[in-house]
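Inspection log for the structure reproduced underneath, given as structure tokens.
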Amino acid sequence: MTEGDSARQVRQQLREQGLTPLEVNETTEKAKREANRFVLFRRGASTSELALITRQLATLVGAGLTIEEALRAVAEQCEKAHLRSLVATVRSKVVEGYSLADSLGAFPHVFDQLFRSMVAAGEKSGHLEKVLNRLADYTEQRQHMRTKLLQAMIYPIVLTLVAVGVISILLTAVVPKVVAQFEHMGQQLPATTRFLIGTSELMQHYGLWFLLLLFIGGFVWRWWLTDEKRRRHWHQVVLRLPVIGRVSRGLNTARFARTLSILNASAVPLLEGMKIAGEVLSNDFARTRIGEATERVREGTSLRKALDETKIFPPMMLHMIASGEQSGELDSMLERAADNQDREFETQVNIALGVFEPLLVVSMAGVVLFIVMSILQPILELNNMVNL
């Protein structure tokens with residue numbers, strides 16, 4: 001039995017052996033594997049896995065291997081079955097005569113429009129190795145930024161959960177036991193103590209309902225944002241917020257500049273590059289404004305002026321883009337602008353977290369102090385009455 005990724009490949013293998021194939025049938029095992037591919041491919045590939053595959057492919061192509069040979073080698077090096085099957089299927093399409101970009105287009109959930117457009121440009125220009133290396137750098141950079149953001153958010157999230165947990169335990173477990181002692185005093189309790197008792201009873205009786213309400217509210221909010229107009233309006237509001245708005249604007253403008261930079265360096269036309277770069281933005285309002293800027297560039301407006309009219313990009317980035325247009329080095333200036341914006345984004349995140357963390361600690365300490373003082377106040381008043 002001869003094995004291959006497609007019937008055409010099996011026929012070619014048989015002809016190379018001096019045999020004339022009359023009929024090629026797919027085995028049952030192969031059919032089962034094909035039936036399971038949909039499930040495998042739905043898992044896709046993580047950002048780090050995609051960067052590794054791209055880097056390996058760039059290295060092998062640079063070493064002089066054909067696309068088919070490079071894909072075979074990459075598939076053999078994949079440890080996970082779904083990745084190995086994915087790369088093998090891309091290779092089978094290449095063997096059938098499709099271009100690499102068209103072959104990758106069969107899996108848009110893994111290889112997005114940016115990835116495929118750059119590969120197509122690299123194939124046309126004959127610089128596929130450079131394009132793949134740029135793609136690997138870009139993917140690794142995005143993974144690096146995502147990892148740094150997650151690492152920065154871990155401590156505040158844990159601190160918030162601990163604060164909420166401690167306060168909830170105090171209100172639902174500690175306060176009720178202490179309050180039971182106050183019931184036998186027969187005296188007027190201070191206002192702070194009465195407020196604490198009311199809050200504790202509210203948490204005991206309606207705490208679970210409150211959590212359920214939060215869950216339902218989150219679900220309704222997600223459903224509300226499924227409407228394109230409402231989501232775009234909300235994203236516009238987000239960009240206007242004091243701290244979150246600056247962070248969101250910095251993240252999206254840096255992503256746009258870096259994406260357009262590598263597309264421009266890969267010989268992708270500017271208008272097509274702007275369209276693709278706009279699609280990678282996470283903010284719908286910013287994506288709409290980029291679409292409007294693309295139309296203005298199509299009508300003859302300079303890139304700098306078109307982006308300035310979006311009211312999203314910072315002045316420094318616009319100056320660098322204008323300099324790149326005048327000097328003919330737009331891709332390098334866009335890359336520098338993206339680097340500057342990434343550094344500013346990291347600074348803004350660090351400042352925001354630097355302010356949030358002590359505020360959270362102080363707030364938690366204030367709440368705990370309020371609970372303790374509300375409990376101690378009637379006890380101290382009782383001691384004073386006894387001493388008198």
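Keep in mind that glycine also has a Cβ here, set from the backbone N, Cα and C atoms.
Both Thr301 and Ser374 are recorded by Swiss-Prot, but within differently named topological domains on opposite sides of the membrane. The number of other Cβ atoms within 10 Å of the Cβ belonging to Asn133 (Ca(2+) binding site), over all protein chains shown, comes to 19.
Note: the topological domain 'Periplasmic' (175-205) comprises 23 helix, 0 strand, 8 coil (DSSP; helix = H, G, I, strand = E, B).
Secondary structure by DSSP for the topological domain 'Cytoplasmic' (227-350): 100 helix, 0 strand, 24 coil. Taking every protein chain shown into account, Glu79, Asp137 are the binding-site residues, and of these the Cβ with the most other Cβ atoms within 10 Å belongs to Asp137. Distant neighbours of the topological domain 'Periplasmic' (175-205): 168, 370-371, 373-375, 377-378, 381-382, 385; these residues of the same chain sit at least 6 beyond its ends, with a Cβ under 8 Å from one of its Cβ atoms.
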